[in-house]
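*Asks:* Residues or ranges marked as topological domain 'Cytoplasmic' by Swiss-Prot: 1-24, 70-152, 202-212. Residues or ranges marked as phosphoserine in Swiss-Prot: S3. As annotated by Swiss-Prot, transmembrane segment applies to 25-45, 49-69, 153-173, 181-201, 213-233, with the evidence given as sequence analysis. Feature annotation from Swiss-Prot assigns topological domain 'Vacuolar' to 174-180, 234-242.
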Amino acid sequence: MWSIFEARPKEAHSVNKIGWLRASVLGANDGILSLSGLLVGVVAANADIKVILITGVAGLMSGALSMAVGEYVSVSSQADLEDADLQLERREMDADWDAEVDELAAIYRGRGLDEELSRTVAVQLMEYNALEAHARDELGINIHTTAKPTLAALSSAASFSVGGIFPLLTSLITPLEYLSLVLPIATMFFLGMLGFVGAHIGGAKRVRAILRAVVLGLLAMAATALVGRLLEIHALSLQYAI
């Protein structure tokens with residue numbers, strides 16, 4: 001039986017991949033859908049290839065920067081909140097150590113330990129690392145996985161760019177007269193592959209992940225194509241009115 005202070009052998013659980021897998025899939029999915037939706041809308045408005053490519057490059061750059069800034073702000077805010085909670089916990093332990101022991105013991109009693117054992121565990125954990133014990137069991141914070149806003153921002157921008165480059169390249173190599181048909185089909189393929197890769201890495205059901213990505217992506221592109229078509233009709237009506 002392992003002691004609570006001994007290192008356990010690591011087990012390969014899929015849940016351990018949730019953080020980085022979610023961020024990577026989310027960024028790449030946003031890149032594919034944002035660029036595809038934007039390009040489909042422009043194509044539906046009968047824009048020429050120059051306008052389509054300029055729109056695609058601008059969308060890729062603005063989307064990547066937006067993802068980076070949003071992720072940086074989000075992770076920084078989370079880090080600030082966690083740090084404030086840890087500082088408060090330090091002050092509470094300095095002010096009344098015994099009360100913090102009782103608080104930790106009460107948490108363990110709520111998880112099924114008896115009175116004596118819960119207090120023994122609380123005392124030993126606080127003697128070993130009081131802040132870590134309270135951060136983990138009271139606040140739900142792992143002090144060993146500190147937030148890295150810059151890394152998170154760069155990763156988010158990179159994953160968005162990787163996803164967005166595929167529909168942009170599709171627009172580059174496809175003749176304009178076929179683009180309205182090829183781009184949605186290619187996007188469905190890209191989304192399906194992304195769903196498959198995410199499900200494979202995470203150990204989830206692949207068919208469900210693929211269908212979810214493809215169906216939702218198709219709905220998003222249909223909406224943007226409709227908007228583009230309506231804008232073209234409106235522009236033509238204004239032109240004839242003038």
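Any Cβ shown, glycine's included, is placed from N, Cα and C.
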*Asks:* Could you pull the average pLDDT for the topological domain 'Cytoplasmic' (1-24)?
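*Replies:* Overall, the topological domain 'Cytoplasmic' (1-24) comes to a mean pLDDT of 50.
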*Asks:* Could you tell me whether the transmembrane segment (25-45) and the transmembrane segment (213-233) have 3+ CB pairs under 8 A, leaving out pairs under 6 positions apart?
*Replies:* yes
*Asks:* Counting each residue once, how many in the topological domain 'Cytoplasmic' (70-152) are helix, strand and coil under DSSP?
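*Replies:* Residue counts in helix, strand and coil order: 69 helix, 0 strand, 14 coil.
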*Asks:* Six or more residues beyond either end and a Cβ under 8 Å away: which residues meet both conditions relative to the topological domain 'Vacuolar' (174-180)?
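*Replies:* Answer is 39-40, 43-44, 48-49, 52.
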